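Encoded as C-alpha cells, the structure appears first; notes follow it.
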C-alpha cells in the first residue's frame, strides 16, 4: 500500500487533471455554439447591432428622417464614434454617391437660440459625446440640420439648410 502522503498527492493531481479536462472540454463546447449575427435587409449593411442604408433619392432633412422612421427604431444615422464614422463613410463611398453631401440625424431644434451652438442633438436622442464638425456651426446661418460632407470623404459634419434635398443614411434595428 502507498504511504498516506503519496496518496494525498496523487489525489490532488487526479482532481487537478479532472478540473483542467472539464475546463478544456467546456471551451471546446463554447466554440461549437453558433454565434448570433444580425441579419439586415437587402441593400443595407450591419455594423454593431444596427443596420445602415444609404438612400440616393434626395429628400429634405425632415422627410428623410420620417422615411427612416418607417424601419424598426429607425432614424437618420447618429454617428457616435470615429469607427462608426469610418463605417458610414465607406458605406456612402461604396454606393457611388458622386457629389452631394449626405443627411445625418444631427439637427438643432432650438434654431440657433441655444448659446454656444449648444442646441445640436441627434434625431434619435442619442447622447452627443463625439463631435466631428468640419467648421463650427454658425448660429446665424439659418442652417440647422447636419450633413456629412463630400469634401471630407463623408467623415466630417457641416450644417445645411433643412429644406435642401439630399441623399441620406438611415440607422435602424435589424
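The backbone N, Cα and C atoms fix where each Cβ goes, glycine too.
Given the ranges 87-102, 103-118, 119-134, 135-150, the record in Swiss-Prot names 103-118 as region 'Sufficient to activate EXTL3'.
All chains included, 17 other C-beta atoms sit within 10 angstroms of the C-beta of residue 40 (disulfide bond). In this structure the alpha carbons, written CA, of residue 162 (disulfide bond) and residue 51 (disulfide bond) are 24 Å apart. For the pair residue 68 (disulfide bond) and residue 107 (Zn(2+) binding site), the C-alpha distance works out to 15 angstrom.
Considering only the disulfide-bonded residues 40, 51, 145, 170, the residues lying within 10 A of residue 107 (Zn(2+) binding site) on a C-alpha to C-alpha basis are 145. A helical conformation is recorded for residue 68 (disulfide bond) in the three-state DSSP classification.
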